[in-house]
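According to TrEMBL, the protein carries these features:
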- 241-253: compositional bias 'Basic residues' (COMPBIAS)
- 1-183: domain 'Topo IA-type catalytic' (DOMAIN)
- 205-224: region 'Disordered' (REGION)
- 229-253: region 'Disordered' (REGION)
């Protein structure tokens with residue numbers, strides 16, 4: 001009940017390789033012929049459906065499936081440029097190959113920076129990972145919005161505008177109608193957002209919520225602005241922005 005497969009190559013026409021091939025003597029002494037034959041791989045047997053094969057040897061290896069390696073920022077930029085490999089439609093795939101993929105050389109870094117600033121991407125060392133908010137958003141939006149092939153459709157429309165086959169007003173009108181249709185279809189969709197659980201507020205004991213500030217994320221009291229207790233995300237134990245004891249303006253004599 002096992003599925004077995006064999007792969008191999010068989011030269012049908014040597015082509016230019018025949019010119020570079022070393023000449024072989026017609027009447028070999030046996031030793032040379034043996035060396036030549038040793039370099040030739042045996043041809044695969046003819047296989048057909050239902051053929052019974054005998055297993056000569058089995059080599060079992062205990063392996064572990066590993067998650068895909070996360071992108072670095074440079075690899076993510078490269079993937080945005082070569083996004084055509086993620087599109088199945090051959091026409092859209094070719095269009096993305098002919099263009100620059102997602103974004104341009106001048107905008108890709110800003111796109112990634114904007115996603116990091118909004119919390120959709122998280123940097124861990126050199127690696128860039130999608131946050132829980134990003135997975136929630138991708139699961140919630142229509143498939144056409146998350147499909148990179150949509151970029152190819154828009155590129156085709158822009159080419160038609162450049163060639164005079166389509167006006168800008170018609171293109172914008174079609175986009176507005178399409179977006180209105182998506183809103184009507186998915187307007188009632190609900191989001192299941194995972195809110196990280198924070199420590200208790202150091203001032204009143206109420207739960208805290210993660211917020212973003214100039215210095216990065218921090219825990220803020222859920223009763224804000226009535227309570228302004230905060231904690232840093234790193235340790236979750238010391239109060240951020242806590243009042244410090246005032247220093248006396250007098251100097252000792």
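Yeah, the Cβs are placed from backbone N, Cα and C, and that goes for glycine too.
Note that TrEMBL annotation is computational and uncurated.
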Please average pLDDT over the domain 'Topo IA-type catalytic' (1-183) for the predicted structure.
81
Residues in the region 'Disordered' (205-224) grouped by DSSP into helix, strand and remaining coil
0 helix, 13 strand, 7 coil
